[in-house]
Amino acid sequence: MIFNASQDSKTEIEYQTISSTQTYLAEEQSERLHNLISKEQLEKLNQAFNERPDSQVGFDDLRGLLLEQDITFNDAVYNRLFLKINQNRDFMVDWNEFVSYLIFGFQEEDPSSQKESLILPISVAPSVRKTEHRSTVCCVALLKAKSDQVPIEEVTETVNFSFGGEDSPEASGMWVTASHEGMLRFWTSHMEPIRTATSESSKPHAVYCMSYAFYNNGKVHSKLVLGDYAGNVRILSYSPNLRGPFQAKPGAALIEVVWADVLKGKIPQMIPKEYINLHNEMISCVHYSLHMNALFATAEYRNTKKYRGRCPGMIMVTYDERSNFRVPLGVSTFFVAESHNIVVTGGPDTFVRIWDVYIPTEPSAILTGHNGGIVMVFVQPEENKVYSVDYQKIIKVWDLQEHTLLQTYGELVRLIHPSETDMTYFYHSHLRELIVAGRKLISIKCCPRVRVDLTDGNTHAAPVSVVLYNRLFRNIVTCGLDSYIIVWDPWSGRRKIIMKNCHTKMIYGEIIDIEITAATFDPLEQFLLTGARDGTLKIWNYNNAVVVRNMSIMPDQEVTSVIWVVDRILAMGWDRQVTEFNDVEGREYGDPKKWSKFHTDDITCADVKLGEGVVTATYSGEVIFWKLETGQPYRRYSVMDPTRFIELKLTPEEEKLMRRSKRLMSRLGSSRMSRATAITMPKADDGRDYGQNVPISVQAVLFLQTRPQTIQHGSVFISLDTGYIQKVYSHHSRGGYMSQFLSVHKTGDCVLTMCTDRKNRYIYTGTAFGYIKVWHIVNYPEAEKVHVCMPRLRLEFIFMRKEFWVTRAKRVVRHQREPLLVSSYKAHLKAINSIAFINLPKIVFRGSHDYSCRLWTQGGRYLGTLGTVLPWSKLSPFERAGSENQVYRLPPDIKKVASSTTLKVISGVQMDRPAKRAEVKAPEDRDEETAQTDDGYDLKKIFDKPLKEPILGKHFTLPGKSVMDQRIDVDTTQSYIAVYTHLKVHHTEMLERLPTPAVISRVAGENYMDHYVPVEGKVDLSGSALNIKQPPRRNVRPNDPRNMRMAKTRGDMGPGPSPSQQSE
């Protein structure tokens, strides 16, 4: 490709890229100009620029200035260097452009750009469960298996990934929760209950906070720090060797220690130390740093009239030397980051302060933004993040170096009742989880590590929509539905530039990110053009993240495809037409040109052949070819009836529809037409140009750039949602449809994206189910016969090697001679949205709906995922990627679902021949003869000896069926099947009633009134008995012997209670 520098200049710049058409460069020459220029050379170049007219130099002049400073490049490298420097595209370089290029080179090497996160620190939904305590949890602790403090000689480089073993109790420990009634509950790291216990203790002053410091090696004495309500701090020091003073004693299930005995030295294993009245108020938080051999203790001083803001909020004690960190109102909580030698404090004054431990007079930074007192702070030193929680349950995340706010998390306000104010917090530094305890247990993951046993990491925070390779800068550009544009260096795996919030829209005062749906480069690949879902387009200088130009096709109409040719930009999407923008200097901001609107549905995809034509396809299966120079359509097809000629004119119904849609759009303004309305406009029974009633949508189109525009050469591939790829015979004005082939092997799958190599020998397809297929299309169509070396293809593509059974991918195409399927494997778990190919190193990379962009060799070997936390395999743009001696691994997510074909292709390993079983011999001959097969496999070494009966051992045998199953002949002569007529229905019988026992019958016939005698009584409190007084009878006979006998009995009893009453 050769582009003229300008119309007024005769200078021509040859744009050479690293491709199969360029000669191989034996030695890579660096284009990093900032590494080659010294300070003296830069001053001389500045003087030379100032001596030039207008302080500008041309193509040859700049090369001469560099030669004067002994900086030389060959022709190919200098061409690329000049295009990188010339950002104004006028082929004249001024001093600002030259210095900007040097600055960009230093920015690419800045390691801070690698640590910028794509997602918010707290982006995972919290887990909530009940505490199972009778009252509110007042304390949460962690039974640690590993210490957070590590000796300096054992400090290693921190990594941001894990292998999944940190969830075990041996690595993460157990949680312990306590409530006011003395109940203790033990939990696993996943908050599953283990057991329950109770605890009681007594001290002269109640202990309010504790801290425990220890090393894993056990060479340093462990420290147990106690802070009480009186402002005292006590330290217990003991050796952890052989469990120290906590050794089990025979006959004692529980070891009790009295503090007075510890002070008197009766327990020699424990060394106490007291700091009486270290603070005048209650100790709020304590910590002992073994690395600095220092004690930190804080207290709150809320009585401003008494202390007048001169209170020592935090005191650091080192070898009996005290350092006072004065904070108004005191300190409620703090966190010591020993790796950074800083202390982060928070208190009732709503400020988060960052201190240097050796400068107590003034904080290094003050973070403001909370509306309530700070109750919890902690630091992630490896991530350079500070987390703070206030009294109103709002979590804020800060950058430790730049002291900026990263995130405000308010989900706790919704999960916790407003009446719950005294919450307990604990941060698990190993699992990176924040535990919030009250009436509920809430676990919040704070910037969790990547589980490399489950995934290699993500490239974007949302599905990747477009991937591109820039041949000028030799980097990969990915665009996602998260509205991010990221520039990657594929040779080192580094992230060079990240641009966030690229397309935005304000809705009700809130800025909303708009998804990026299309992207491409300019012809010289200096600028990037992106299209979004709301119809906006932007031109980016993606080296400095600057927007050069803003455009739009139609409000709220998604851009599905963009094309950038010389002096023109073409955009198409849901507005059903092609919009042309000028790219000529001086005419950039004029009104765009609208091509004729012949499509009746939304445009889904488009492609261009430079200098010849453009092809567009719609959701309803329409395909139209356009002249690139004039924008006039010359051929129209329908994929449902591709051989039928369709005249390029609108029918009366379509003209009426167009006029109606124009009126509707003029009335609604920026309102968006739904896709369903656009599809249901044509009548279902009118199939003149649309084939069947159900439309077939076009998913992707691909132009073969090396195929000439003749009737005999096919040049366009069209992918349908049915899984087929139709081959349009030619984009010639008299060309037509030729053939089609099945491109998937699973029902419901279809090709979503396609690309090809520079010479159009292979076509790479990505499907909706995540499969990658490589097709050899040199002899497709069959009229163009070229000799193909099949052994060479088998060496490169292991998929083509013979197997003992035909796999599913091969069974589908076993009767299809052309095109030849050379590779097929599963690359992603979700749909593949975009695919691209790097020619010289033979690398294929894809952007998927699973948030990742992965690099593969042409043969199917896995190279890596952009944005991974694992080490990157070194690649070169001048050498072919992959070697036969290299061991390749599988992506962790693919490894769990991979088929035998995918495992063979990705690993590159295939068993030559399976083990054959020996022929069946008589039982007496088996022990004498060997079971050696023809292939050299010894089955006796594999299986040892034949299994003996019973193979399953002693087990329960199911009883046999008592009756045979009755065969049911279903009557299918009627319009429905009477199923109930064939069912066995057993009539119910009355159960025999058992006779009632005589005792129960006698009890049931009794009347409790027969045993009832009304009495009058009152309670005698002195004697704790009842004085019963029977009611008088109606007919009292004085001479009745029964009355005389009753009176005599009463006289004998006297006033005291009877023995029977006492017993009662």
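Including glycine, each Cβ sits where the backbone N, Cα and C put it.
Residues annotated as repeat 'WD 1' in Swiss-Prot: 153-197. Here Swiss-Prot flags 326-365 as repeat 'WD 2'. Residues or ranges marked as repeat 'WD 3' by Swiss-Prot: 369-408. The feature repeat 'WD 4' is assigned by Swiss-Prot to 459-498. If you look up Swiss-Prot, you'll see 511-550 marked as repeat 'WD 5', on the strength of sequence analysis. Per Swiss-Prot, repeat 'WD 6' is recorded for 598-638, and the stated evidence type is sequence analysis. Feature annotation from Swiss-Prot assigns repeat 'WD 7' to 746-785; the stated evidence is sequence analysis. The feature repeat 'WD 8' is assigned by Swiss-Prot to 827-866. Annotation comment: Swiss-Prot describes 914-924 as compositional bias 'Basic and acidic residues'. Sequence annotations record features per position, and here Swiss-Prot assigns region 'Disordered' to 914-935, 1023-1064. Annotated compositional bias 'Acidic residues' per Swiss-Prot: 925-935, in sequence order.
Comparison of 326-365, 369-408, 511-550, 746-785, 827-866 by number of C-beta pairs under 8 angstroms to the repeat 'WD 4' (459-498) places 827-866 first. Outside the repeat 'WD 3' (369-408), and at least 6 residues removed from its termini, the chain residues within Cβ reach (under 8 Å) are 115, 120-122, 158, 160, 332-335, 337, 339-340, 342, 344-352, 354, 416, 421, 423, 425, 427, 429, 432, 434, 444, 446-447. Mapped onto DSSP classes, the repeat 'WD 2' (326-365) shows 0 helix, 19 strand, 21 coil. When the repeat 'WD 4' (459-498) is classified with DSSP, helix, strand and coil residues number 0 helix, 23 strand, 17 coil.
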